[in-house]
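Student: Got these off Swiss-Prot a minute ago, pasting:
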type: MOTIF; residues: 12-22; note: motif ''HIGH' region'
type: MOTIF; residues: 345-349; note: motif ''KMSKS' region'
type: BINDING; residues: Lys348; note: ATP binding site
type: REGION; residues: 568-604; note: region 'Disordered'
type: DOMAIN; residues: 612-723; note: domain 'tRNA-binding'
Amino acid sequence: MSRKILVTNALPYANGDIHLGHLVGYIQGDIWVRFQRMRGNSVHYVCADDTHGTPIMLRAEKEGITPEQLIDRVHGEHLRDFTDFGVGFDHYHSTHSAENRAYAEEIYGKLLGAGFIETRSIEQFYDPVKEMFLPDRFIKGECPKCGAGDQYGDNCEVCGAAYAPTELKNPYSAVSGAKPVLRTSEHYFFRLSDPRAVEFLRDWTRGTNAGGERRLQAEAANKMKEWLGEAGENKLSDWDISRDAPYFGFEIPGAPGKYFYVWLDAPIGYLASFRHYAERRGDIAVADYTDAARAESHGTELVHFIGKDILYFHALFWPAMLKFAGYRTPTQLCVNGFLTVDGAKMSKSRGTFITARSYIVQGLNPEWLRYYFASKSNGTMEDVDLNLDDMIAKVNSDLVGKYVNIASRCAGFIAKRFDGKLGASDPKATADFESAYESAQIAQAYDERDYGRALREIMRLADLANQYVNDHKPWELAKQDGQDAQLHVVCSTALTLFRDLTLYLKPVLPGLAAKVEAFLALPPLQWNDSWKPLPAGHAITAYQHLMTRVERKQIDALLEANRESLAPAAATAPAKDAKPAKEAGSQQRHAEKQQHAAGVSETASPHISIDDFTKVDLRIAKIVDAQHVEGADKLIRLQLDIGETDEAGNPKPRQVFAGIKSAYDPATLVGRLTVMVANLAPRKMKFGMSEGMVLAASDPDGKTGGLYILAPDEGAQAGMRVK
């Protein structure tokens, strides 16, 4: 029975370019949609730009245009980039739409009627110059824990501490530079802590859908269990769903000057995009996919592809909103990890913060990236590392050396010797290939989004096809008298196997598959076309080169095109009463500020005595485990062995949170030796207790990007003291 599925991807924010990190999730979603359609399932695939919020309003103001003009322009840019990478949405909408306003107001009204909305007075920082309340990320100042300057209002990027904006020292508005003042405002809250919501979410996050599949991957379900707690516990906080004017968004009905927070109407944008698409087509019953009762009776599915950074919103707030407003809840959340490049966080200084547009402008084939991302995807929340040398090797070996090579070695003989017409296929070869396919379970791997396993099995089949060609040597048969019939069979069989490989690769490489369909003069391939030998007498077209090899110089040019200079300005200290820069977050400006600070402090730092130095207990530490910290942009959780043991004599590693995520992939750290401060007082952080500090080097003047953890010389052992 055909499945009926509504698939969405997370809505990109209309305040910046699409980059390769974004594309991980969109490519994963597009592959799954293409596979489902090839299997004969009915799939509607929609997305939209997320267009509301303070950053949109301020960026438009800076550019001297209206927010509407900004989001219209970015909408075109985003859709262009997705199209260039083969992400084939049926419709790409905007959250700033009539459909989204109607849905947001309706859902809010139903939640209000069900007792899930309440108002409270809260105290917030207010910018007296811009006459606006400031979101946490638009307040900056000195960290209350370590004293680092130029830190955001919710967490410190230097020491990793989390705090309230009111705890910042010397706070200032990142919008105007003015000193903010505290003001009280009435806000609207969605009561996520309501026992009805807690009970529902505890069941929903741990349960299965109608098809018997878990709604959440195991890692996501475990995270929900941590956030929800056990039965009888209530760890959830209510959710502030309102913002004060001025704000770019939808005004809350009956609340002048109050607007829906962007995260309320953003996921509702899935429904709005689908409604616009359905009404434009005229043959889709929207309620069959959105209404709780009708969705159940019609057996429709709602599948969201999202990044793990927005799991909290999609696995808690979103299903609870839908449930208690009478809408269907998601069938499944497909959560992907972050992208690293060559084992490190994307970096503008290294040129690895690569935009989708620059990749296309530099002339690189987008299907190289689609293939590589698919090869690294396994259906879990693990991060994907784009190892550029590995991508070159994998594309050149798998796609050019194995797959395309089959057609390039055989097509010419069909054209020259047999007037472009195929002969009979070798029944034994095709039967052996079919048997190998059935054991590979490629379709199951695609359905489970384990694309890496699917591609490994497809390349194993490509090896079998190449082995068939190598064993029968058509280039030698062509030179031998009386072997034309055998040559015809061998080349025709090879092209039938090539057709099947193309079919299996089509969800990942739709553009290349279209070229092959044209070359073999075939209609669009469907999954059940496999094992139907191309008939004798079938005419194919002239072979055209299908894919070029990746050259290292192309990758180097791409990195150079994306490299942002971090050269600092002249080393002059800012005036004591100078206002901070208006725009926050620039790497260039951050480097300049760090350089200014260094210029002042290098000669002014007081000397310390040897006694002061010996108070610091520096130890050699072995990194026995390293993990990403969910919800932290900068931190890695380390387990460090410094020779300590528990009462039973077993190793007792220390837990330390280190702000080195921008420079290191956790997997590359395990087993390394480094240096830590062992007698630093334990500090309770948002993510757990930190029992020390790892030492790392960085360039104080900002000329060289990066962080570098210290490593001892050969022979040092865990627990040794550094003197």
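Each Cβ is built from the backbone N, Cα and C atoms, and glycine gets one as well.
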Student: Would you mind listing the long-range same-chain contacts of the motif ''HIGH' region' (12-22), meaning Cβ under 8 Å and 6+ residues beyond its ends?
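Tutor: For the motif ''HIGH' region' (12-22), the nonlocal Cβ contacts are 49-51, 53, 55-56, 59, 70-71, 74-75, 77-78, 81-82, 94, 338-339, 341, 346, 353-357, 359, 369, 386.
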Student: Would you mind giving the whole-number mean pLDDT across the motif ''KMSKS' region' (345-349)?
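Tutor: Across the motif ''KMSKS' region' (345-349), the average pLDDT comes out at 85.
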Student: In the domain 'tRNA-binding' (612-723), how many residues does DSSP call helix, how many strand, and how many coil?
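Tutor: Counting residues by DSSP class gives 6 helix, 43 strand, 63 coil.
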Student: Quick check on the motif ''HIGH' region' (12-22): DSSP residue counts for helix, strand, coil, in that order please.
Tutor: 3 helix, 2 strand, 6 coil
Student: Among all protein chains shown, how many Cβ atoms are found within 10 Å of the Cβ of Lys348 (ATP binding site), not counting that one?
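Tutor: Its Cβ shell of radius 10 Å holds 17 other Cβ atoms.
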Student: Just to be sure I understand, if DSSP states are collapsed into helix, strand and coil, how many residues of the motif ''KMSKS' region' (345-349) fall in each?
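Tutor: Grouping H, G, I as helix and E, B as strand yields 0 helix, 1 strand, 4 coil.
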